[in-house]
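Record features (TrEMBL):
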DOMAIN    B:75-219  domain 'Glycosyltransferase RgtA/B/C/D-like'
TRANSMEM  B:93-111  transmembrane segment
TRANSMEM  B:140-158  transmembrane segment
TRANSMEM  B:210-230  transmembrane segment
TRANSMEM  B:302-324  transmembrane segment
TRANSMEM  B:333-351  transmembrane segment
TRANSMEM  B:357-375  transmembrane segment
TRANSMEM  B:387-412  transmembrane segment
């Protein structure tokens, strides 16, 4: 199963290593052949993928190592050192820079290691953007707003984990906690591996709460409270999932959905359309939403460039162009469609809401409350059709 | 650990903490904030006239920005202002002193709670370099004073178990804390209830005289507080910050736009469920390790630091596990940890550490307890071999010394270099530089019009010009200023928007604004108008442009 796990997602390898270790302990009284089989099997599956330099580089970038090696913080260290040169500081005395005591590799390595491990424990991010807010408004880590863990589960999870230390016996206990290793090594994106641990901790806590009660009435009351919490939370989440997806869907997915559902088939096939690439890569959304025949795509997409090794970018497909633009400086022709943020059309920063026309064009649709991440570009997505006054 | 070594280490922790709190106090944070300025000027006014800026004679709560601040911190500030003057140093010095004393007190407190000198020392060392503690010591805030009274109250309560006569002093200190800061108005009664509940049998054995004097202190201070509560002063701030504005904030939107019948919609998106969720979300955010050890808190207060240093996480986690394990012995600490975030969670802000300083103190204690366990475990592991013990304990001491020095220097650099460069904009820059110059120029003019991009800049003009309180109180017209306050003008100083096309016709007037509302080209073309001076801010931009119109 470990092998299948590795094949499915290599980030599971810390768990597989633990599994291997547990197996090794288990089989140590058995034949050497079995030990050899397990050892070689696991090592092959661990080492083989690592022979691919692109894969190892990817894995490295994803892991804790990427954050704790000097190249990840060297620029920060130098930046902070340079501030001391700009501003008079008592830490530089007669040419001796005492700030070196803080701005050094051991400090930053220790600091970054702990901070990387801590990213996994962001309770705000783990719960939901609907339930929780970010500590500081400048944080942009709540883009995926759909609930992951309900707030009322937190105490249960913590209590359950504490119970698991004493209640669950080895080797299951080791495996139980080993599921935390992928997020610790590769960051909070791999918290999915901990799902069984979280669910079991929760269940263990609830079970213990009910079990320790002496009176049936108390048992019934606690069961009912948890039952209602579960039902209410599940139904509420389900409703948000089915009917309010615009509140939790990542911004760029939502905006691309709106763009490609607004444009008609006729417009797409007959008019030159320029779509801003400030919401991800529009080409892939176009291919998906318009269900483009792959052979047609291969024929019509000529403008594909490699922007970094192994990463390609589609700049245009047929009469569709994907790039950010300054409409007022662009070469405009009649009957074109331009889709972009307000700031890409107009220089009226701060009052885009009052703008209804642009040079040589009409705004035929505006979508508000867009999170552009840049105040100058405004918070509106505009659909503009070029119209030239006939002289 | 031997007593003299403990004392020596405590002195090192206190000296380290003192250096971090005192060096460059006048320059960082780069300017006084609104509250510091208000408390500072009121302290100055009371010290000169016995009255606050609204003419109240030795007040308990001062109206200030209609938030009715406690006047107790103001009385603390008076000696400092008399000695060092009405400036950044004079205003902040009392806070520094309290912050330094806290380092010593936490040692005694943890020592009494855990009966371990090493845990006490670990807490003291941790507190001396914790960013939150350094920041709240370098700025004057009621919360710091309230925290000090709270710790003293708790320590006295613990000591009163052997020296009973300390009980009334403990209650007095707790109640001063209650008077001093908004959050403590909830935490103190709850904690006093808990202390009484856990120690009721012991307290009832105290001599009757002591119990009577304790009750006298309680009644004597609680009754006036109830009076202030009913008059609206004691809970004025709660009115504008409470969480109840979150009621139906999410549910209304969610209930709209789908086809479910209203009754099911109300059941699924239940107001009470969502409101409780809002409360518990806030409550739990104060326990989130990322909020404590990773992210910078709101308002850019700590310039590149989180509330606690990242390395403390290990001690924090270990400490919490030990505290929970020793539940019955440390039940007061656990109770305080659980009640401390409640006042903060009852406000609409998601995470506002200023409102939960008591919790941060509990965490500092937990870190101390955790670090002690780690140190003892390492020493225990190597007790069999003498050489290993020397090697490991030497390594451990070197590591701890490196961590302490390295993080202390990091915080010092953040405070003295990074904060003024990156976040000076958060600290109302420019007033310190501009006001004395403007005040000097103002003597030649009939009126000074000050552009007001922010509310209440009048307090900076009062403070930095050291405007005579007697003079200010003579001009004070409570009816004119209104309630809530709308009018801030005093003497020649008028606070409003400048509109140059109209204002250029005024005579013998000094304008204080910026490039946008006092454009140089317009001023040059206006007879009798000239740019008197431009005052540069710390960030290199023009902090104020002063224009005269003869």
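Quick reminder: no glycine exception, Cβ is built from N, Cα and C everywhere.
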Contact set, same chain, for the transmembrane segment (B:140-158): CB under 8 Å, 6 or more residues outside the stretch: 35-36, 39-40, 69-70, 72-73, 76-77, 91-92, 94-95, 98-99, 101-102, 105-106, 108-109, 112-113, 166-167, 169-174, 176-177, 180-181, 183-184, 187-188, 191, 195, 354-355, 357-358, 361
Chain residues outside the transmembrane segment (B:302-324) and at least six past its termini with a C-beta under 8 angstroms from it: 122, 126, 129-132, 135, 289, 291-296, 330, 333-334, 337, 353, 360, 363, 365-371, 373-374, 403, 407, 410-411, 414-415, 418-419, 422-423
Same-chain residues at least 6 beyond the ends of the transmembrane segment (B:333-351) whose Cβ lies under 8 Å from its Cβ atoms: 113, 182-187, 190-191, 194, 198, 241-243, 245-246, 279-283, 285-287, 291, 297-298, 323-324, 327, 358-359, 362-363, 365-366
Beyond the flanks of the transmembrane segment (B:93-111) by 6 or more, those residues with Cβ under 8 Å of it: 10, 13-14, 17-18, 21-22, 25, 73, 76-77, 79-80, 84, 117, 119-124, 127-128, 133-134, 136-141, 144-145, 147-148, 151-152, 154-155, 158, 361, 364-365, 368-369
Rounded mean pLDDT for the residues that make up the domain 'Glycosyltransferase RgtA/B/C/D-like' (B:75-219): 95
Secondary structure content, the domain 'Glycosyltransferase RgtA/B/C/D-like' (B:75-219) (per DSSP, counts of residues): 124 helix, 0 strand, 21 coil
